[in-house]
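Chemist: I'd like to ask some things about the structure below.
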Amino acid sequence: MAGNLQNDQTISAILANVTDFRGNCPVPFLDQEKFLPHKRGQTGHIEGRLCAPVPTLPGRPICCLPCPATDWLYPDDFKTIYKIAESISAFGLLICCFLLLSFAFLPVDKTRRHWLSICLVIGIVMEALAFVVPLGVKPNQCFDQITPNDMYTSMTCAFSGAFIVGGGLVVSVWIFMRSLSMHLQICWDIVPGNWFFYAAQACGWLVAATLFTLTMTLTGVSFRFGDTCHVNTEHSMATFWGPLLGIASFTGLIQVLTFLYCIKVYLRSLWSDNHSGTNGSSGLPSYHSTMGGTSARAVYQRMKKVLWLQWRSITIVVFLLVDIIFLAVVWVQLNNTLEEAKKGKMEHFMPFLFCLVSKKGEKKTCYAAGQKAIINEGTAIAILMLLALTGVQTGLLMARTSMFVAWYELFKKTFGSKREFVSLDAKRYSHAEQRNYELHKVTSSPGIPQTPEAGEVHTEIFTSKQDGLPPQSGYRSPEELDRAYHQPTMSFSGPQAPLSRQGHRNDWNQEETHATGGLGSHPLRSPPNTSRLPSRPL
């Protein structure tokens, strides 16, 4: 707070004596020589000043455009659009946080969570935080009249810049991993397992952390475009934009190869359906052509199934890939234009500078010339909206209706007032105790087991198999049911198999009854064994 108050007082003092800093520069430019040189980390990002030498003026001064530069390039409505983009980022952040909470607390079958999705959502959360932090803080972009704040003079700049650098690297790395995973499944029929998981985790986070460290230490971030800090120009191509474009280009190449393979399989499947491989002489399909057509259709069916399961992932990769490439190309062009201006190549800026000088700082009439020299307003709005919509589009594509149903059921189960009554005995009855009971049929007579007759009534009961339980009245224990049958002394009958509806035995054997004909009367077969005859004649 004390540092911000001191900066505000410094800016107020400079504004009160603005004519002292004009020097030989025309309105509205300020002479760089009037500002005392400071070391890095003490006076904002000096390299971020928009200054250029003017050799035609007396004293050959270095004239600088007042900070912030966006006020001289875009109308006041642009600030409103920037706030809208920050609000959209906040909404996308809420959706992504909802996804992470769903992945953490809901079952897998309700969320379809995957470690590739979790890592990608983490990167998008970081990207959204880069726009949400300035939305609540409302930072001061300038350290003085010509110098923007950097990560050493503004904590808001440090956090927002770190989030945008880390989020961009993490998102680019993990869309590459998702694209590689889909390529292996669709083109090579390889389902990534544990080896892919460990390799992706090690390489993905290591690459992102290494590039993040190099970017923040060697290049840094500062207020260059709106309330969010972006990567500086110095060494940015080697530490950030170059690797980012390389990863995005390789991801795009894998995605294009995957699409070409899908088109090839689809056309081959159509060709195999239209040309069934008939023989020209006989009109019959040949063996090799039939097998080839079947294989093509089988590959097409497998590919179509994988595409149907992965359509959300493919759409997310395509959207984010377009955002990253578009953003990187625009910023690289901007850095190159500013570097040429610092070297004295002012051809693109001369119409804009002459407009400001001739109009004596009336910037409204010079917006078109300034946007033509640097970035037009349509491109700037497109960059903001693409960055703001990354969280929204990813969250909506990953969200499922089953998640909302699962959250409703979870809250209803946890905080619902109506609870189902459960008996204490029913709660004590476990699944393990269920195996201690058997279902037996007990006849009306508890004596000797009788052969089932027509019209006899049976009762199904559960009997316990635990030892030591007393037998109940009218029930028979399993030991009594399982013991061997002893034929009475004066009985000439024995136990018989139950009769079918036609009155014949189901286990009737023609060999045991001396039936003639069929296999039983074959001359090579041995005569029937009389010892196997039933005790009861037929």
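Note: Cβ is positioned from N, Cα and C throughout, glycine not excepted.
TrEMBL labels come from automatic prediction, so no person has curated them.
Pulled the feature table from TrEMBL, pasting it below:
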DOMAIN    78-358  domain 'G-protein coupled receptors family 2 profile 2'
TRANSMEM  88-108  transmembrane segment
TRANSMEM  115-137  transmembrane segment
TRANSMEM  152-176  transmembrane segment
TRANSMEM  196-220  transmembrane segment
TRANSMEM  240-263  transmembrane segment
TRANSMEM  311-334  transmembrane segment
TRANSMEM  380-408  transmembrane segment
REGION    462-538  region 'Disordered'
COMPBIAS  504-514  compositional bias 'Basic and acidic residues'
COMPBIAS  527-538  compositional bias 'Polar residues'
Chemist: Taking the transmembrane segment (240-263) as reference, which of 88-108, 152-176, 196-220, 311-334 has the most Cβ pairs under 8 angstroms?
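Modeler: Comparing 88-108, 152-176, 196-220, 311-334: 311-334 has the most Cβ pairs near the transmembrane segment (240-263).
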Chemist: Could you tell me what the rest of the chain brings near the transmembrane segment (311-334), counting residues at least six beyond its ends with Cβ under 8 Å?
Modeler: 116-117, 120, 168, 171-172, 175, 178-179, 182, 230-231, 237, 241, 244-245, 248-249, 251-252, 255, 374-375, 379, 382-383, 386-387, 390, 393-394, 397-398
Chemist: Output the single range from 88-108, 115-137, 196-220, 380-408 maximising the number of Cβ pairs under 8 Å to the transmembrane segment (152-176).
Modeler: 115-137
Chemist: Taking 88-108, 115-137, 196-220 as candidates, which has the most Cβ pairs under 8 Å with the transmembrane segment (380-408)?
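Modeler: The stretch with the most close Cβ contacts to the transmembrane segment (380-408) is 88-108.
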Chemist: Sort out the residues at least 6 away from either end of the transmembrane segment (196-220), same chain, that have Cβ-Cβ distances under 8 Å to it, and list them.
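Modeler: Cβ under 8 Å, 6 or more out: 45, 115-116, 119, 150-152, 161-162, 165-166, 169-170, 173-174, 177, 181, 184, 231-232, 234-236, 239-240, 243.
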Chemist: Across the domain 'G-protein coupled receptors family 2 profile 2' (78-358), what does the pLDDT come to on average, as a whole number?
Modeler: 88
